[in-house]
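Colleague: Before I ask anything, here is the structure I am working with.
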Amino acid sequence: MSTREYDDLSHAFAGAGGGLLSMTLTYPLVTLTTHAQTMVKLKKDQEKEKENSNEDGSLSPKSSNTSDVSQKKISQFEILKKILKDQGAKGLYNGLESALFGIAVTNFVYYYFYELTGKTLNRRSNPQTASNSKKVALKKGLSVWQSMAAGAVAGTISRVATNPIWVANTRMTILSKNQGKLGKLNTIEAIIYILKNEGWQKLFTGIVPALFLVLNPIIQYTIFEQLKSFIVKIKKRNITPVDALLLGAFGKLIATIITYPYITLRSRMHVKSMTEISEDVEKERTDSVQSLPEDGSDEDNLKENSAKSPYAETITKIISKLPSPIVSMFTLGYGMYKEEGVSSFYRGLSVKLLQSILNAAFLFYFKEELLILSDGIIKSTKRATGLANNPYNAKDVIHSFEKALSMRSPRTRTTTVASSAKE
C-alpha cells in the first residue's frame, strides 16, 4: 500500500470522478431499487383515484382492493417489465443527469471534508511530529474513532448540502412520466420547480433519514478497518488492492442491510408531498379521537387499556414536541408498518445490495486510478502558481486557475473577471 501524501482536493476530485463513472455503470439498478421502494405507494394512489372516479359509488374503501394492492409484493422483474413497457430502455436512466450531478457534489464534499477533518485530528493527536513535518504525522494513519469522527463530519455536511439534489433526482426517476413538465427539466430547474410549487421545506424532506444514513460509511469503514487489522496480524503483510476491494464490498453489504430501512423512508418522503404528510398526521390524530368511547359505556375498557399502557400519554407528549421532520418520518414509518408490514422497509433490498457492492467496487477502482492523475495536476498547478506551501486552501487554488487564464491575453482576462462578477 502506498504511503504517498495526497492533497485534499485530489481526493475530492478523484472521488467525484469515481462517483460519476460508478454511478453511470450501475444507474439502472438504482432506478429499479427506487421504483421498488416507492411503487406500492404509487399503485395504491392509482387505486384511490379509480375508486374516487367510480360514478355509482358502489365501491367502498373497505370493499376495494386497495389494501390488497398495498400488500402485494412486486418482483424486480415485474418492475423492470413495467418500466420497459411504459418508457422503454431510456426509462432505466430517468434522472441520470441529476444523479450524476448529485453524486459528483456528494463525493467531492465528502472526500474533501473527510481528508481535511482526518488530517486535522491526526495532527492534533500527534503535536510533536506535526510541528516538525506534516508527512510524519500523517503516515501513522487515522485511528478507528478518528475515522468515524471524520466520516460523521463529512457525511453530515454532504447529506445536508445535497439533499435538494436527491429530492429532485427521486422525483425525476419515479415521476418523470406522470409529471411531464418535471421530466423535461434539468436538475437546477427541477429544484426551482419544486421550490415554487411546494416550498423550500420539500427540498429537505427526508433529511432526518438521510442524516441517519451517515452511519452507512461509518459502519462500512469500521468493518473494513477491523478486518484489515485482522488480516495484517494473521498474514504478516499489508492488504492487497484485491483484499481491500473484497473487504470494502463486505463492509458495504453489512452497512446497507443495517441502514436500508432509512433509505426506503427517504425515498418515500421524497415522492410524498407536504400535504400528504400533513394528511397522514391528521389521520392518525382523527383515528385516535374516533377510538374513544362516545357514551361512556366503554369507560371500563378505556381505563383497562390505559392501565396496560401507562406511558402512552407521556410518549404522545414527547412526540408532539419533536421537530416536524422527525414526526413525519415516524408517521410515515408507522403507516408503512401498519399497511404493508415489516417487509416494506426492505423492498428492493436485493437489487440495492447488488448496486451498492458493484458501486463500491467501481468507486474504489476508479478513485484510485484518478487520484494519482488529479493529484499530479493539482500539485503541478500549485507549483506553477506559487501555492505549493498552502495545500489546503481551495479558494487560492481557484484563484490560481483564474490567474493562469488571465495571463494568456487581455481578452481572456476580461472574460474571467466578467464571469467572476456574475457569480
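For all residues, glycine too, the Cβ spot is worked out from N, Cα and C.
This is the feature table in Swiss-Prot:
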| type | residues | note |
| --- | --- | --- |
| COMPBIAS | 43-53 | compositional bias 'Basic and acidic residues' |
| REPEAT | 142-230 | repeat 'Solcar 2' |
| REPEAT | 239-373 | repeat 'Solcar 3' |
| TRANSMEM | 12-32 | transmembrane segment |
| TRANSMEM | 98-118 | transmembrane segment |
| TRANSMEM | 148-168 | transmembrane segment |
| TRANSMEM | 204-224 | transmembrane segment |
| TRANSMEM | 245-265 | transmembrane segment |
| TRANSMEM | 353-373 | transmembrane segment |
Colleague: Can you see whether the transmembrane segment (353-373) and the transmembrane segment (148-168) are touching - at least 3 CB pairs under 8 angstroms, only pairs 6 or more apart in sequence?
Modeller: no
Colleague: Over the span of the repeat 'Solcar 2' (142-230), count residues by DSSP class, listing helix, strand and coil in order.
Modeller: 74 helix, 0 strand, 15 coil
Colleague: Mind looking up the mean pLDDT for the repeat 'Solcar 3' (239-373) in the predicted model?
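Modeller: Looking only at the repeat 'Solcar 3' (239-373), pLDDT averages out to 66.
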